[in-house]
Each structure stands twice: as C-alpha cells, then as structure tokens.
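Heads up: the structure comes next, in structure tokens.
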Amino acid sequence: MLFPKVGRKQPLLRLGWWLMVILLSLGVLTHLVPFYIMIVTSITPAQDTLSTTPVLWPLHPTLAAWKLVIQWAQNSGSGALLAGSAGEPFWVYFWNSFFMTSVTLLISLPVTSMAAYATSKLLRGRRARWTFLFFIGTLMIPLAVLLIPMLFLTLNFPFALPGASIPNLPGTDQPFPTLSLYDTPWAIIVPGIFNAYNYLIFKGYFDTIPDSVLQAARVDGGSEFNIFRRIVFPMSVPVYSVVAWIQFYAVWDSFLWPQLVIQSNDKAPTALAIYTVMNNFINSGVMDRATALSQSAAMRSALAAGLSWNGLMVLALLQTFPIFIMFILCREYLLRGVRIQGLK
C-alpha cells in the first residue's frame, strides 16, 4: 500500500490518499469511456448513428450491425456490403493477423530471451557492456528513421540496402542472392523478431537470478541450453508472460508498417481491413449526414441493411477482443508487475 493503515489517520496523509483514489478513478473512467461509446454505437440503429447528438443509451438497441459482421465472416447475406468494401471475408483478415502475431511471438520470445540470457550470464566484462549498449542504443533511434532501412530489408532480405548497393559474391561479379519479403506476412514477422525493449525486460530479470544456481548446474554437467530450458525458463514464466502480452499487442494492433509493406488485399491484417472499410464508407457517403440526406444509392443500401458507424464500431470491438483475451491470460503477472527477482 502507498499509505499504511496507521498513516491514514493523519489528516494530510488521509487527504493524499483520497486524492490518489479520485485521480485513479478518473483515469480508469477516462480509459473506459471510449469502449463504452464503441459498445453503445455498435447496438445503435444505422440512421441514429448519423445524428450528432450524443446519447448514453440508444432508444431502440439493435444487433443488426453485429449480424452483418457475422454474415461478412461467413461471406453470405447482407454481409456482402462489408465484403464488397474490404474485398474478402472477415475471417481471412482475422487469420492473417493471428498468423503474423503468433509466428512473431513463437520466434521472438526465444530469440530475445536467449540474447538477454547470453548478455546477462555468459558474457563478462567489456563484451557484456558493449553488447548491452548496442542493443539498448537502438531504442534511441526514432521509428521514422528506421522505416526506410526496414523497407529495404523486406525488399532485399537479408540486406537493409537498396538493390544497387548489395555486395557481390567473393571473387565474382554476381551480387549476393536476396529474398523479397515485400507483400508477404514475413514482412511483418521478420522486423518483429527482436525488440530491444523486450530484451531490456528479459535482461533485468535474468540479472537477478543467482549465478550460484547456474554454476551448480554446470558442475553437474548441464549444458547451457539445458540450463536455460530446465532452470532459467521455469523461473522466468512471469517475465515471459509480460513480454508476450507486450509483443502480442504491438504486432496485432500495428497499422503503419503493414500499410507500407502489405499491398495484396487478401494478405492484409484486420487493422488494414477496418481502415479500408472506413475509407470506402466515407467515400460513398454512408458516414456523412449531409451526403446521407441526399439519398445516394450506396447510402440507401447500407442504411437499409442497418449499416453505418455501428458496423465500424463492431469491427473495432472485434479488433480489441484478442488483446483483451491475451490480457486475461497474462493478467496475474501484468497486474502484479515484473518482480525483479529470480528466487523467492
């Protein structure tokens, strides 16, 4: 507790305690308001969503937008309106996001954790310091600066260079063979394999594991890989849970980078699909009250099916559900925080 129970009897500490409670409550409410608006809008009739008057609860709640999204997932019925706006059934985009996120997690967690373990427990002296500074130094580079090299990396993997700058094979005039990851799921996966921030979290945790425990395992003949797998990993489940949630959230909810490297509609994640639907709706006038009043054909078909801003809110909620589920799975360690201790 921030204020002990005895200390709360003092007037100033009691006032500070109540101020803290009020500020935290306001912070929680501030974060819940957008989700409440999304839920209310998702069950509001299409015509009512065009109104500029905010309401706490719709007069005539309806699940029409939810039914349309379900039909879009099945690629049937009136869900063709959404399918026509995005191009593919919803489950295609959902699967793309799930595949990119899952593969990134499966590769990133062992790579990042083993790099942190090597820096923490295997390297010593100057090599450990310089390796640590090298990885952490990448956190100081703005994302805008990294976009161009990362784009070259996807175009000419494994070189983050333009095509004309790729070196030749030794003793030949032929350039090194490269692989284009552009417009493939690997354009999202490969740049996310290593993250310096996750590396910092892992290393901070591994630093607290007593060397005597690892040394005893080495004396018993254990290899470094077996020590990591049988001793370090079971002790590090809390930090793995925290890093898994951070990485899951970052990849699942990413938008800018997929927009740059994914061009094919059938390979887009859900974030890009929702953006495409929103753009198409806005351009057709379904989302604008002034255009809607002109009774355009696109507006009539969408509103007749019960689709407007409510449909976008349904899609936005579906986009957040996996993040919420991942939070529930990792909530014990996320709420407790990363306790920097290897042994209790």
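Yeah, the Cβs are placed from backbone N, Cα and C, and that goes for glycine too.
Under the heading domain 'ABC transmembrane type-1', TrEMBL lists 94-330.
The feature transmembrane segment is assigned by TrEMBL to 12-39 (among others).
Among the features that TrEMBL reports, transmembrane segment is placed at 98-118 (among others).
Counting only same-chain residues 6+ beyond the ends of the transmembrane segment (130-152), those with a CB under 8 A from a CB of the stretch are 115, 119, 123, 159-162, 191, 196-197, 199-200, 203, 257, 260-261. Summarising the annotation, TrEMBL assigns transmembrane segment to 130-152 (among others).
Per TrEMBL, the feature transmembrane segment maps to 186-206 (among others).
Residues or ranges marked as transmembrane segment in TrEMBL: 227-250 (among others). A Cβ distance under 8 Å defines the sequence-distant neighbours of the transmembrane segment (227-250), meaning residues of its chain 6+ beyond its ends; these are 101, 104-105, 108-109, 112-114, 117, 192, 195, 197-198, 201-202, 205-206, 209, 213-214, 217-218, 322-323, 326-327, 329-330, 332-334, 336, 338-339, 342-343.
What TrEMBL lists as transmembrane segment is 309-330 (among others).
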Tertiary contacts of the transmembrane segment (309-330), as residues 6+ beyond its ends and Cβ separation under 8 Å:
35, 37-39, 41-46, 49-50, 64-66, 68-69, 82, 90, 94, 97-98, 101, 241-242, 244-245, 248-249, 252-253, 270-271, 273-274, 277-278, 281, 287
